[in-house]
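Novice: Here you go, one structure.
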Amino acid sequence: MMKKNKLNKEEIAEDYCFTCKDGGHLRVCDFKNCLKAYHPQCVGKDPSFMESDERWTCGWHSCFICQKASALQCYCCPNSVCYSCIKEAEFVQVKKRTKGFCNNCLKLAILIEENIDVDSDGGKVDFRDTETYEFLFKDYWEIIKDQEGLTLIDLQAANALLKRGENYKGGSDSDKLEEEDVESEGDDLEINSDDGLSFLEDLKGRCGRMKKPIKRSRSKKKVFISWGSVELINFLISVGRDTNEPLTLLDACEIIKDYIDRNNLHDPDNKKKKNVICDERLYALFRKRKVKFHKIESLLESHFATNDDSDEEISFSSEDGDTFGRRKKQNTGYDEHKLQPKEYKEDISAAPKSCYASIVRKNINSVYLKRSLIMEFLKSPDTFEEKVTGCFVRVKVDPEDFYFVPEKRYKLGQVTGVKKALQTYKVGTMSTDVVLRVSNYHADVQLFFLSDDDFDEDECEDLLQLANKGLFKRPTVAELEKKIRSVHADIMNHWIDKEVLKLQKLIDRANEKGWRRELFAYIDEREKLRTSEERKRLLQEIPTVVADISQTKVKTTNGPPISSECQLPKAADVNNSGSGHVIEIEEDHGVQDSKITVNMRISDHVDDEDKTWHYVDPSGNEQGPFDMVSLRYWMREGFFDEDFKVWKTGQSREDAILLTDALRLYQ
């Protein structure tokens, strides 16, 4: 069914590249219902991008300044902005609140509608030359104009607003537009009148009417309690939800949508249930009388502490010369302005070195290796194993793997060792026989399975869940700090070189499109990164480690609770004598069913080739002993179910553990 939907989307997608407006071999954006398509070269990708099954989202859905989720999109190109950055961008809203024009596209559209071939700078523009971008743009504009019902009056009105600097209403508070129903896509602003003058008068009237409520919302700065805003926490408590343990954005969104369905809050005048009428609880949360059902997730983002940026963090330029704001923040790991959740913020230096490091994006990024950097490490075989062991990688899950889930094509793991494969294989143009052993991955990993992109937040969450279940050994603060010191210079130098190349492509594109503002900003940032002073500064900024000092108690049935200095027992210390312990991990989050009990025996020395494992076959007969290599192979071939259990020599059937757990624990 998934394949069919994807095929249908490709069939109805646009037949021309959204960047260059030309046809050809195109790839469609994977973002929800986006139908925009692109040439690989127009988005800085190589031809293999067409065959890649990795999820890719086009620039229409992220602000071209700060890379956050966009709120306003250009009708005619991938440029888009968020509400925080619109005042810094040459961008103006038109009719609908989620669409508009960048300065370049607006100029071209006006020239076409006015039938003029000379722009305001005196430059010649030929819309009849089939070899030019302007010719292709004109064809595209004719399609968009008809689809969106845009007229010359609309364009002139937008141009007037842009010249007067009124593309953004409401002063310096970046949250004002969001506080005043901006996310309610066209609830009030959607104009169906064909009379352009009435649109202008209506727009002026709306601007006047909006001034008062915007001013009133100026002081509404969100206050956070632990992981969420006061409004979100109060709502969850009011509907009987536990708030001691942080929720993900998706979980909170599902709770609210379920609440809407149960209380029948959909707008009765809207047959498709696109609008929601807010009751007292929802109004206290969103400060809106009506919201779009599909906008709930984006409205909730600002209610999470991880998405709360201070005024200094959203400024377009900083004192140290970052004239173009921030690069992509999600997973670079070296973003100075990225905030961690409030509960982690004060724990960086206070926790002892023996405490476990938190499984959070900041920590993982500090030692996260992309495939291209690992290929660089291969050039120095003497230090390769030392460099990569202990670092995190993002592994593409083999579709034939027993654990494959279509929604999760990649997963994070920590490199636990390096091996030599029986045969060499190629990664790009390089041949190698090196394979990695990665935690939570029962097969040896060839290097071409590694990702060269940033990891997603949900992949970090998956790793955290494994750690909470005792299936992933967390590194301690001391271990992670040591690893950071070992690879920080390599990671940073690699990032700088990649960033300079990326900026050069952006410069070439801005130069080609005539985007002067962006061109100079890109050049400034590139030149800054090229200076030895900036490189030295970045190399000297060693990332700090966020410690996990959550109220986690670990105790054994054969001894007292272990709580001093957050030190949890190592796998080798659980049962060196072979007598067996029951480990109970209680997470003090106020949830009764959060106790996890794992009953197993772990030896202080494990070898995949030791024949020490037994199991019961379908006939009820005991089989074994076998080595882990054989069990791993049979598991991959599908001979065993997920609930298949094994135990070691010297143990009984009652001590058996799941084979899936054994494969993870005994790397």
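Note: Cβ is positioned from N, Cα and C throughout, glycine not excepted.
Since we're looking at a predicted model, the values are computed, not measured.
Pulled these from TrEMBL:
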COMPBIAS  176-188  compositional bias 'Acidic residues'
COMPBIAS  311-322  compositional bias 'Acidic residues'
DOMAIN    221-306  domain 'DM2'
DOMAIN    358-492  domain 'Plus3'
DOMAIN    610-664  domain 'GYF'
REGION    169-188  region 'Disordered'
REGION    311-336  region 'Disordered'
Novice: Taking only the residues in the domain 'Plus3' (358-492), give me the average pLDDT of this model.
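Specialist: Summarising the domain 'Plus3' (358-492) by its mean pLDDT gives 86.
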Novice: Sort the residues of the domain 'DM2' (221-306) into helix, strand and coil with DSSP and give the three counts.
Specialist: 43 helix, 12 strand, 31 coil
Novice: For the domain 'GYF' (610-664), how many residues does DSSP put in helix, in strand and in coil?
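Specialist: Here the numbers are 18 helix, 15 strand, 22 coil.
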Novice: Under the DSSP assignment, what numbers of helix, strand and coil residues are found in the domain 'Plus3' (358-492)?
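Specialist: Tallying H, G and I as helix, E and B as strand, the rest coil: 52 helix, 39 strand, 44 coil.
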